[in-house]
Structures are given as C-alpha cells and as structure tokens.
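The following features are taken from TrEMBL:
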- 22-491: domain 'Major facilitator superfamily (MFS) profile' (DOMAIN)
- 25-47: transmembrane segment (TRANSMEM)
- 59-79: transmembrane segment (TRANSMEM)
- 91-108: transmembrane segment (TRANSMEM)
- 120-140: transmembrane segment (TRANSMEM)
- 161-178: transmembrane segment (TRANSMEM)
- 198-216: transmembrane segment (TRANSMEM)
- 251-270: transmembrane segment (TRANSMEM)
- 290-311: transmembrane segment (TRANSMEM)
- 323-342: transmembrane segment (TRANSMEM)
- 403-425: transmembrane segment (TRANSMEM)
- 437-461: transmembrane segment (TRANSMEM)
- 467-487: transmembrane segment (TRANSMEM)
Amino acid sequence: MLEQREWDIIETEEHYKSRWISIRILYLTMFFSSVGFSIVIMSIWPYLQKIDQTADASFLGWVIASFSLGQMVASPVFGLWSNYRPRKEPLIVSIFISVVANCLYAYVHVPASHNKYYMLVARGLVGFGAGNVAVVRSYIAGATSLQERISSMANTSACQALGFILGPVFQTCFALIGEKGVTWDAIKLQINMYTAPVLLGAFLGVLNIILILTLLREHRVDDSGRQCKNVNFEEASTDEVQFPQGDIDQVAVLATNVLFFVVLFIFALFETIVTPLTMDMYAWTREQAVLYDGIILAALGVEAILIFMGVKLLSKKIGDRAILLGGLIVVWVGFFILLPWGNQFPKIQWEELHNNSIPNTTFGEIIITLWKSPREDHNEGPTGCPIEQAWCFYTPMIHLAQFLTAATLIGVGYPTCNVTSYTLYSKVLGPKPQGVYMGWLTASGSAARILGPVFISQVYTSWGPRWAFSLVCGIVVLTIMLLGVVYRRLVPFSVRHGRIQE
C-alpha cells in the first residue's frame with residue numbers, strides 16, 4: 001500500500017488535471033459562443049429584406065442591438081444563479097437557449113407576416129444565452145490562483161477573438177449554397193446561405209452541452225491556489241480551506257466597471273465607424289469597403305490574439321495596472337492620429353439634387369447601402385463624401401496611412417485593456433463567488449456595445465471625424481485620470497487584506 005503522503009500527491013495531481021480540463025472546456029464555450037454570434041452578422045440585413053419587405057434601416061439597428069440587450073439582461077441573472085448552484089446549470093440552460101434561438105432564426109421565414117419581429121426575438125434570445133460569459137469568467141476567476149489568472153483570462157479572450165474571426169469566414173463559405181438552397185418540406189426547413197450558419201451554431205451549442213455534462217467539474221481555489229469549500233463544490237475534502245473573511249473594495253469594483261465600459265464603448269464605436277469613414281475618405285465603392293474593411297478587421301482580430309498571448313508574459317514583469325495604463329495611452333495615441341490634418345479634402349459625392357434641396361440621409365442608411373445588391377447595370381453609384389454631410393466641404397481627409405497606423409494602435413490597445421481590466425476585476429473581488437459581480441461587468445460591456453455605435457453615428461454624421469475623434473480622445477483622457485485616482489486601490493483581495501504580498 002502507498003503511504004498516506006503518496007496518496008495525497010496523487011489526489012492533488014488528479015485535482016489539478018480535472019481543474020484544467022474544466023477550464024479548457026470553458027475556453028471552447030467562449031469559442032463556440034462567439035462563432036454562433038458572429039456567423040450571421042454579415043447576412044442579417046439581406047435576410048431581413050428577403051423575409052419582410054416592411055423592415056427598414058432603423059429596424060435593422062434594433063435587430064443588431066437586441067443581442068447586446070439580451071446579454072445585458074441575462075448576465076446578472078446567470079451570475080446570481082452560479083453563486084448558489086453548480087455552475088453547470090446556468091451554463092447548460094444558457095447554451096440551450098442559444099440553440100433554440102438559432103433554430104427559431106432558421107424558421108423566421110415561415111410565418112405569413114411580421115417576420116422581422118421573429119428575427120428580433122431570435123437575436124435577442126441568442127444574446128440572452130450569451131449571458132453565460134459572466135458564468136465563464138466567474139468560474140475561471142474562482143478556479144485559478146493569482147499567478148494563473150492573467151494567463152487563463154487571456155486564453156479566454158483569445159478563444160473568443162478567434163471565434164469572432166472564424167464566424168464571418170464560415171458565413172462566406174455558406175454563401176456558396178445560395179439563397180435558394182435545399183428545402184425539407186416535411187418540417188418546412190430551408191437550408192440556404194442564411195439558415196445554414198445558424199444551424200451550424202445550433203450544432204456547436206449541442207456539442208458544447210455534451211462536453212460540459214461529461215467533462216466539466218466544479219473547482220474553486222483561493223488566491224494562493226489552495227482548494228476552497230463552497231456551495232458549488234461537489235467533492236469536498238478534509239483539507240479544504242474556507243473563504244477568507246474581509247470586505248470587497250466597492251470603490252475599486254465600481255471604477256473597474258467604468259473602465260471596462262469605456263474600453264468596450266471605444267472599440268464598439270471604432271468598429272461602427274470604419275466602413276462609413278473609409279467610404280467617405282477614400283471614395284471606396286460598397287464592394288471595396290466590404291472587402292477592404294473586412295480584411296482590416298480580420299487583421300485586427302489576429303493582432304488581438306497575439307496581444308492576448310503577449311499580455312500573459314508582460315503582466316508577470318510589470319503588473320496588470322501598468323499594462324492597463326499603457327493600453328489606454330496607446331488607444332489615445334491611435335485616436336489622436338485619426339484627427340484630420342492638412343489641406344487635402346475628400347472627394348465630394350455629387351448626387352443629382354431634386355427640387356433644389358439637399359436630401360436628409362441618415363447615418364444608418366449609409367451603412368445599409370453596403371449590404372444592398374448592386375444595381376442591375378452594375379453601377380456602384382456615386383462615391384465619396386456625401387454632400388448632405390456639411391463637414392465634407394471643410395474637413396481635411398484622413399490619409400490611408402494615417403488610418404492604418406491608427407487602426408494598428410487601437411488594435412494593440414483595445415485587447416490589452418480588455419483582458420487586463422476584467423482580470424484586475426476578478427482579483428479585486430477575491431476568492432468569494434463572483435457570479436453576480438461578473439454579471440454586472442458583462443452587462444456594462446453590453447451597454448457599451450449599444451451606446452457606442454449610437455454616439456459615434458450621431459456625432460460623425462452631424463459634426464464629422466474631427467469632433468468625433470476629439471471627443472473620443474477626451475473620453476480616454478478622463479478614463480486615464482480615473483485610473484490614476486484609483487490606481488492604488490486596484491490590488492488583489494488577498495494583498496489588500498495582508499494575506500499575501502503583491
């Protein structure tokens with residue numbers, strides 16, 4: 001027989017192996033979820049036009065926003081649930097909701113009328129299911145020590161970013177099926193370029209549920225890596241330690257939520273403005289804008305994955321707070337470079353004027369033209385900066401090299417700030433259950449993804465890029481000042497209470 005000490009070593013190794021298998025399953029959960037969300041992004045507008053002729057540009061905005069609204073509502077709910085019950089439960093339920101929502105999306109063409117509302121509900125339910133991000137982050141925060149935290153959070157973000165890159169790639173491949181596709185009359189299912197992606201998303205969701213049921217185990221460790229006993233843990237042992245006592249620094253919690261909101265707000269508005277900005281500045285056609293901007297965003301996604309990997313190494317040398325500060329400075333420099341300078345102006349889009357008046361074209365209508373089919377004569381129409389945007393006549397153009405340099409810097413700063421902000425957040429909260437707090441963090445990010453596009457669209461259309469990017473620079477400066485004020489408070493729970501040294 002083995003001595004008791006040898007049995008303890010074997011048990012510890014088994015626990016360690018099980019813990020990291022569970023964490024890797026959650027990496028897959030983030031990857032599958034991001035693929036399922038992004039795989040239909042490029043086809044929402046043409047499918048909406050196909051199934052319901054009453055849908056207009058403003059309704060498309062609601063369809064896109066419904067995802068973030070659903071996630072914002074669901075995140076605190078699933079987070080609270082995960083605090084008091086095994087975290088398998090909210091994970092499985094949330095993924096099942098996403099599977100059902102994807103199936104509903106595949107059938108939105110069936111009703112005789114009001115099809116656009118069925119699509120709205122389907123996308124909202126997908127967002128509601130994506131509220132499990134709070135549970136995933138809570139689990140990883142609770143199942144890793146302080147030394148392991150930044151690496152695990154960076155891997156989580158990298159898997160999520162990879163899913164957002166591959167989703168549109170899968171969508172492009174499914175475009176080969178065409179609009180007609182194949183119809184299964186017995187169950188009224190059309191498998192075409194619009195429905196095949198969501199069916200793949202549903203399949204990945206089912207696969208994810210199977211993996212969670214078979215491989216995910218409940219684990220929680222304290223900041224030093226010792227196993228903790230809690231309500232979620234199913235296999236308690238005699239050498240487990242209880243949660244350390246002490247209060248959470250609520251000022252640091254609130255400040256980190258604000259920091260996370262601003263980080264996602266800034267990148268959401270950048271994603272929104274890329275296409276209209278490049279069409280206005282460089283007179284790109286719709287096809288050129290979709291192609292070139294798609295390449296730029298895909299390159300930023302690859303860049304983000306590399307940054308996530310680099311942050312893991314850099315944080316061990318200079319710490320999370322310094323990295324967050326550096327990321328915000330890089331973002332500020334990126335948007336400062338985007339400010340228009342010089343005396344070269346963009347090409348003006350001279351369109352035929354009717355009744356000697358300038359038509360009122362909304363920002364949403366400019367974006368929507370990207371997705372409309374080309375005219376029958378294959379004429380892309382006028383290109384350049386629309387005359388209804390008065391600033392086009394007196395605002396210098398943003399040169400392409402200037403834009404690419406700024407995009408590269410923002411592509412460095414955003415993932416750096418993203419992963420370090422919620423890693424710091426998890427450390428501030430400590431080893432206690434973090435479900436509700438992570439739910440609020442995810443909800444603040446969802447709110448940022450709703451408000452960011454609204455803010456930039458209104459300012460850019462009315463006042464132009466100089467005002468838009470100047471205001472963004474001002475927001476980043478205020479955020480840096482906030483970080484400076486709370487810098488000393490953004491320390492791990494155990495460090496704050498003197499249990500371990502920073």
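Using the three backbone atoms N, Cα and C, a Cβ is placed for every residue, glycine included.
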In the same chain, who gets a Cβ under 8 Å from the transmembrane segment (25-47) while lying at least 6 residues past its ends?
60, 63-64, 67, 91, 95, 98, 102, 105, 119, 123, 126-127, 129-130, 132-133, 136, 139-140, 155-156, 159-164, 166-168, 170-172, 175, 193-194, 197-198, 200-202, 204-205, 207-208, 211-212, 215-216, 368, 371, 373
Near the transmembrane segment (290-311), which residues from the same chain, at least 6 beyond its ends, have a CB less than 8 A from one of its CBs?
150, 154-155, 157-158, 161-162, 164-165, 168, 271, 274-275, 278, 284, 323, 370, 404, 407-408, 410-412, 414-416, 419-420
The transmembrane segment (120-140) vs the transmembrane segment (437-461): 3 or more CB pairs under 8 Å:
yes
Annotated stretches the transmembrane segment (59-79) and the transmembrane segment (198-216) touching (3 or more Cβ pairs under 8 Å):
no
Leading contact stretch, 161-178, 198-216, 251-270, 323-342, 437-461 vs the transmembrane segment (403-425) - CB distance under 8 Å:
323-342
Can you find at least 3 Cβ pairs under 8 Å between the transmembrane segment (437-461) and the transmembrane segment (251-270), where each pair is 6 or more residues apart in sequence?
yes
Same-chain Cβ contacts of the transmembrane segment (323-342) under 8 Å, 6 or more residues past its ends?
259, 266, 311, 314-315, 395-399, 402-403, 405-410, 412-414, 416-417, 420-421, 424, 464-466, 469-470, 472-473, 476-477, 479-480, 483-484, 487
Chain residues outside the transmembrane segment (198-216) and at least six past its termini with a C-beta under 8 angstroms from it:
21-22, 25-26, 28-29, 32, 35-37, 39-40, 88, 91-92, 95-96, 98-99, 102-103, 105-106, 170, 174, 191
